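Accompanying notes for the structure given below.
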């Protein structure tokens, strides 16, 4: 089972290549062999993938093996949330105190808080069938994410869920849904210092191979009985992807290939502090992390965010082939699928306001809406039409029957009409017949939490932890150097030439040196606090996916830091022991070394436990300071034991510093140089100097206290690490999403007796809606403004936005602060970085890796330029180079600003850069964010005009109006995905933060990524308004709809590090 025939091309004696065959162990395939195999078999990812999967399926069908399949059914599923109303949800001090009080009263059965029930999903029923690609569509706040989470068995426990979800007729509590199905989240959470390939390898090893090995064994047995010889390539692939415990398997290489990640497999993923792969590639890593495993049921939540249309099409096509040929079950939600991507799906589920409007074959979806009186325009994408036709603001434009007057058809009426439609009737008949459990394959569902052995999980976890230690080696080196410097300073402070052992006064100086040793090594563990908290998001993700239990994560974390602690302890004691003049006895030297090591281990365990309990940097630092204050105050050296109040004496015994302090002092003062000398106390009694010192400082005089203290430190170390493990096992991340509705919405719903609008807890509209001056809510004001400026159609919002911006809403060039319109020209721009070490290991000879090659182009004032290209082509890199944001690497070429060579020092003051990630301070309002940015970045004088504080604030107000945030100015920014502004509002705030600096040139990196058609329309209108002030604006865009594409004046296309053309598009 472990051997297969590998064919490779080798030079022939004459010209050309010849095939050579050799027998290989599939568990020991080296990197070059795997890459050669993947390159040969999957030259064109989507086309060759179908051909190869067809060969695999033919081999299985040839011997009559039936693949396990899963059908997911949900009946009368209703999900509700208890949400706060209006400003009650704001995280103010008063609200926090009220929450605590209400929580206490809630335990007593008293409910005083004003909460309302929000219906997210209302009585939905349907099925997701194997071998059929199913697309989940719906406008924002329709409940798509909640439905996916409900079907995957990952709903938040705080939600109230009624109804039934079953896999092959089995309810969720009869098996392990987290291992049977995989939910692929919208958010990309990864270890930044690991490469793409390492991330997928780790995921594959944690998930195991499932039933692949059993399938291969049965397949080989039947082929042997039938005398069938399998095709070598197919046999090698199936064996290579079915072996458990392989550090890097063919499954990882295959996944990298079909996702287009093979070009960046040796690049680190990156995070906020380190530049890594692009946003689109990171999104594909999130997808690959799950499909690399054996799971055949996938719930995929907006996996195309940040991807270009061609990459999205390729990925979806490969997934379609896996579904059709591998009989997998996939439900995928997409925001703005291109028409060609939409055509790849077999079934459509259209969700709106928490209700299913349509579910069934894609071929009948337009027929259903035509029967309701609505028609999709010729140049309109079907997916965009489906998401807008149920909207009250967009519906009228699609009314097809001009003989009858238009009448708004509600979502409820659509849902009722679908039940009478032929597809709806067929679905109802299908659901009315219970699933025959006898048809369920025994390998279809997973009944064990962890599919990989504990030994293998420990091995994988230790290897990952060691890899992270090597990648973060600077951190450990810096800690050691820091300790050496402090040790040298301490040694010169407590120099042995000034340290004597003659009397009690000399003893107190030694005690001071021992206390300093205790404090420094205690604080040495403080770094574990931040290190642990930064790793918690990835851990929580892996824990919830059942990759491994918490102790598998904590054990390597504790064990592999022990060698570094030994080194640091040895360094400290070697540098300080004899230079400070401690007892010159070898056994006491090693005893002190043991105590310092145990103190470091105890401190590290304490701060790990605090991090796991607090789960937030701010709370953890506050909690860590509180624990330190408690332990130091009651540690026996700041306040001796006899002076501690009786009601606080319990704190003395639970302070781990007590045991370290007592053990250190007893170890020193039981040395012969202290015990051989005598002193007379105030009562005239002669005592040994060492005993007198111990009694004078309230230290226990029993010399066994060295071992008692050492045992106490060891016990605390174990307890803290157990607490660390238990906290990670049972506690969930802080800041769970909270549903919020405005007071107006709540009153309107109560007055009408209608169910409140469904809002997904993970949708883009989690914002707190503040009241505007005239009493209407923010969303109502935004929709009124949208109607006023764009008419009833959001589909042509973009195509008409230029004229709207120029004639109605956009402020003209005469804003309160003047600026100079500037153009940018660049010619033959090249950009290189040092060759990554991973690529050098693969025998790459060059010392530099070229990312941009001879790029030439120009950007002009008042012209909106689109920078387009496939994901990873270098669009963001080009913008970073032009904006001067690349601090590393080597840049060549000419960049001119209005004809003058670019000077970065001055260019930074006349340019703005809007990143993909909308990073803002969460606890301030929109207006406060903009005022802060303006006051930091605006000069005191522009030309002859003095810029006063009043002018700056007036300019901030103008910018808020420009980006249409003036009615939201007092809304809290909040945390992404949890509270505050929606995604598109954050995008507009990001643009506004740059605009208040009064730049002449603005770069925007994917301002429409992650947005639906309506939200993209609002953001693009903001961009258009900015251009119409006379500024130079450049945007990178992915998956543009026809409307968004036509909003741009010029297009520059970047393809694999080369600018292909600089084209100009004009529309009348």
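Just so you know, glycine gets a Cβ as well, placed from its N, Cα and C.
Curation does not apply to TrEMBL; its annotations are automatic.
Because the structure is a prediction, the values reported are computed rather than measured.
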Out of 377-410, 411-444, 547-580, 581-614, which range is noted as transmembrane segment by TrEMBL?
547-580
Can you name the far-off residues of the same chain, 6+ from the ends of the transmembrane segment (647-666), with a Cβ under 8 Å from a Cβ of it?
511, 514-515, 517-518, 522, 592, 595, 598-599, 602, 606, 630-637, 641, 693-694, 697, 699-700, 702-703, 705-713, 716
Which of 474-495, 507-527, 547-580, 617-640 has the most Cβ pairs closer than 8 Å to the transmembrane segment (705-724)?
547-580
Averaged over the domain 'ABC transporter' (105-378), what pLDDT does the prediction give?
89
At a C-beta cut-off of under 8 Å, are there same-chain residues at least 6 beyond the transmembrane segment (507-527) that contact it? List them, or none.
475, 479, 483, 486, 490, 494, 499, 501, 568-569, 572, 576, 580-582, 596, 599-600, 602-607, 624, 628, 632, 637, 657, 660-661, 664-665, 668-669, 674, 689, 693, 696-697
Could you pull out which residues elsewhere in the chain have a CB under 8 Å from any CB of the transmembrane segment (617-640), counting only those six or more residues past its ends?
511, 515, 518-519, 522, 526, 529-530, 533, 606-607, 610-611, 648, 651-652, 655-658, 661-662, 697-699, 734
Hey, which bits of the same chain come close to the transmembrane segment (474-495), Cβ under 8 Å, at least six residues off its ends?
509, 512-513, 516-517, 520, 524, 527, 531, 564, 567-568, 571-572, 575-576, 579-581
Intrachain residues whose Cβ lies under 8 Å of the transmembrane segment (547-580), provided they are six or more past its termini:
203, 206-207, 450, 454, 457-458, 460-462, 464-466, 469, 476, 479-480, 483-484, 487-488, 490-492, 494-496, 499, 513, 517, 520-521, 524, 532, 539, 589, 592-593, 596-597, 600-601, 604-605, 608, 721, 724-726, 728-729
